[in-house]
Number of protein chains: 2
Amino acid sequence: MAAATGHAVSTVSNALAGKRHVNEETRRQVKEAAERLGYRPSAVARSLRMKLSSTIGVLVPDVSNPAIPEFIRGIDDIAVREGCTILLCNTDELVERQVSQMQTLLDRQVDGMILISQHCDTPEVRKLLDGKTPFVLIQRRSSRFRDDYVGSDNLQGMRDSVTYLHGLGHRRIGLVTGPGTSSTAQERFEAFEATIADLGCDEDPDLIYRGDYTVEAGYDAMHYFATLSKRPTAVIASNDVCALGVQDAASELGLSIPQDLSLLGCDDIDLARLRRINLSTLHLPKREMGAAAAELLMRRIHSKRPPTPREIIIPTELVLRESCAAPADGGNAKRPAERRPLVSPG
Amino acid sequence: MAAATGHAVSTVSNALAGKRHVNEETRRQVKEAAERLGYRPSAVARSLRMKLSSTIGVLVPDVSNPAIPEFIRGIDDIAVREGCTILLCNTDELVERQVSQMQTLLDRQVDGMILISQHCDTPEVRKLLDGKTPFVLIQRRSSRFRDDYVGSDNLQGMRDSVTYLHGLGHRRIGLVTGPGTSSTAQERFEAFEATIADLGCDEDPDLIYRGDYTVEAGYDAMHYFATLSKRPTAVIASNDVCALGVQDAASELGLSIPQDLSLLGCDDIDLARLRRINLSTLHLPKREMGAAAAELLMRRIHSKRPPTPREIIIPTELVLRESCAAPADGGNAKRPAERRPLVSPG
DNA sequence: TTGTACGCGTTATCAT
DNA sequence: ATGATAACGCGTACAA
């Protein structure tokens, strides 16, 4: 390319990048030649030289889990704006896979990484995180380290959920937890127990089902709950996908929602609003969360001195549709079976 | 690193890569030193030197559309096996975005690209495809060029769909098409018309709604169909996501599925099997399709001489759940003009 | 304003 | 079996 124009390589570089002052006429010549030859600077060579690849790694459990893609989209929104491209990795919740993927990303000189619901306290993982490559955590944070983090307000969200069901008259509320390794799941679990106690609901360990974020978990949980002699009148699922599993099992068991069972999800996936699903749920603005994480990452990438870690806690919002109602027996049989009208918000 | 061991750089390279014969003792020393220093060869430098990045670009309309992620997962399955990482790009069906993303991927020296339902006949796009970088198309192929392609058997699939509904007694069958730019949508449309004619069903242009692959398209389509004086007794949606929209609108209109309306989707997304959805649909093994595409790409990447383009057409399978039944009137559409309450959406 | 020369970290080639 | 050296294609300090 340099030869083709008769100019020096540096001149070409500068003409194209527009860094240094170069004669208008020269620039025109160079641009014209580049256009004609279909020349494009090699991003790889640039990365090697600059030690910056304009690339960010994104680790997720599994893209094909409906709970995930919105995060990615949010990240990408910011990434494209910044001229970055996403390197995507599925880890299937397997630490070894995660470690090897992170290793690969580091080898590729990614400018930074975003870990969505990934292990972040495993020593092996932490070792890789201790390097100089910036990273941001989403929905799963470390108990021992302070990192850039974007998560939902799990405490308030769960408190709202339980309080809402309590207000409807429920006293026996079942919970399907997320995986124990997830800080978000942990936080929600603790908030659940605390609120249950505060409100004087049944504190029955049988009402806790340890699950994860899959349809199967919800399905199995509901079948388990059905075996209880004192069944819950309401169930809070680990997320919407899980709630779908609960719904499914409930149908199978001949339990109507919300008449026989109230159900609350978390996430507000696009499908939750469908009349067939009609799931009351805790809305999480995932695309915004992804974007926020990417912004945090960019800040860290571009700043000279490492900024102090920032945690962004996104408020959640209870979206009321029609999967919840007063329990058939009025909750404790202490209140009339008065049916509350359910108003869905716009 | 080379200095640290006292050996030559080439020796280090060979010891780690295991390409050339190197003394066992030397190799041990090098490996030990690498371990101790946490040294890892730079993938970027390697890419520059080898002109291979072990990276493949994947272009999709939008990750957050539920129809997409399974493809990506299938691609990734093969990619990890081959030591490749995925560069993910969302194009939102915008040609200019697609072109610029492809340009970027090419700049990054991707070993190949997989285009999922992307424009592939636009001159601007074709110019980039004409280069030496291998690529594979998924679900949207060119009419003018023969490329590596993985798609579903749209002709047979649609034929099966229509035949099934016809067998149930339906004579007025509505179709929500995918976007006109999609070859898959086009093929299905043509197969629809042909089969409708073959079977002697109503060939009414009013029964064709030009939509796309979104919930909204299905929703709008159903509301449109409802305005027809002679309404369809069955609807085939562009895909499951779209079918969900049809379902939703049907609920809103007070139409029961399958009593008042039969509905057939396409894709068999995970959620279709839920009892609440219970959608009869044309099963597409997307993860396998993604994997097949990646295999095709790898073959092309690794072969010396460009292989002749191969098209892999994946057979579909009708999965019968409970969204279809015989029409209420036996299929002659001579139904009384009884007006159902129309509820306008919010 | 423009050109020269070097280095980024590899691998391939050639010589030892 | 190993070492020295030349690319790969860019950015940049420095010289002109």
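Heads up, the Cβ atoms here are built off N, Cα and C, so glycines get one too.
As written in TrEMBL, here are the features:
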| type | residues | note |
| --- | --- | --- |
| COMPBIAS | B:335-346 | compositional bias 'Basic and acidic residues' |
| DOMAIN | B:1-50 | domain 'HTH lacI-type' |
| REGION | B:1-29 | region 'Disordered' |
| REGION | B:325-346 | region 'Disordered' |
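For the region 'Disordered' (B:1-29), the residues of the chain that approach it from at least six positions outside its boundaries are 37, 39, 41, judged by C-beta separation under 8 angstroms. For the domain 'HTH lacI-type' (B:1-50), the model gives a mean pLDDT of 90. Helix, strand and coil residue tallies for the domain 'HTH lacI-type' (B:1-50), in that order: 35 helix, 0 strand, 15 coil [DSSP].
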